[in-house]
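K.L.:
The structure is given below, and queries will be raised subsequently.
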Amino acid sequence: ELEKLGLRDDVDLHVYEVPVEYQTVQSLIPDLWKKHSPQLVVHVGVSGMATTVTLEKCGHNVGYKGLDNCRFCPGSQCCVEGGPECIDSIIDMDTVCKRVSALGLDVTVTISKDAGRYLCDFTYYTSLYQSRGRSAFVHVPPLGKPYSAEQLGRALQAIIEEMLDVLEHSEDKINCQHEH
């Protein structure tokens, strides 16, 4: 749906479906970062438990015990051996949540610090590690429970545009501080 809607004109949107497989994630995510050198990667995952659109603040390195779609689980039960336990996104999710909520969309947006220690969290951590925090993860409920594809597409469009705005303004502040 987001691919149909697009983002603002100065943004190149690349959409990929990431298989629910640990080993594929470990090779695909770094490859995508190398291929595109993006300003930001936003991952979107469906959670059967979600009733809101949920912005995840951080990814976790350890605790992966569930088998993936290939019936595989990393023996180390972690994403990156020796990596930090948790990596925060550099995107201020609280600000993004407040801004998107203020737009009056017919979708509720919330914040979480636990993406669930399965492939969503594994993908998020892998991307955060690869990008030094320049990633985001959004959990959405299954279609129709309660939101339509159109509602979720519009919400994701607004969320990503706000994330880019927050990211650009935080970089402006960093650049300004370095100039003095």
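The backbone N, Cα and C atoms fix where each Cβ goes, glycine too.
Quantities reported herein were computed from a predicted structural model and do not represent experimental measurements.
Just lifted these from TrEMBL, have a look:
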- GLU56: active site (ACT_SITE)
- CYS120: active site (ACT_SITE)
K.L.:
If you measure GLU56 (active site) to CYS120 (active site) at Cα, how many Å is it?
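P.N.:
Cα to Cα, GLU56 (active site) and CYS120 (active site) are separated by 10 Å.
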K.L.:
Count the other Cβ atoms sitting within 10 Å of the Cβ of GLU56 (active site), across every protein chain shown.
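P.N.:
Cβ-Cβ neighbours of GLU56 (active site) within 10 Å number 24.
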K.L.:
Taking the Cβ of CYS120 (active site) as centre, how many other Cβ atoms lie within 10 Å?
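P.N.:
Result for CYS120 (active site): 22 neighbouring Cβ atoms inside 10 Å.
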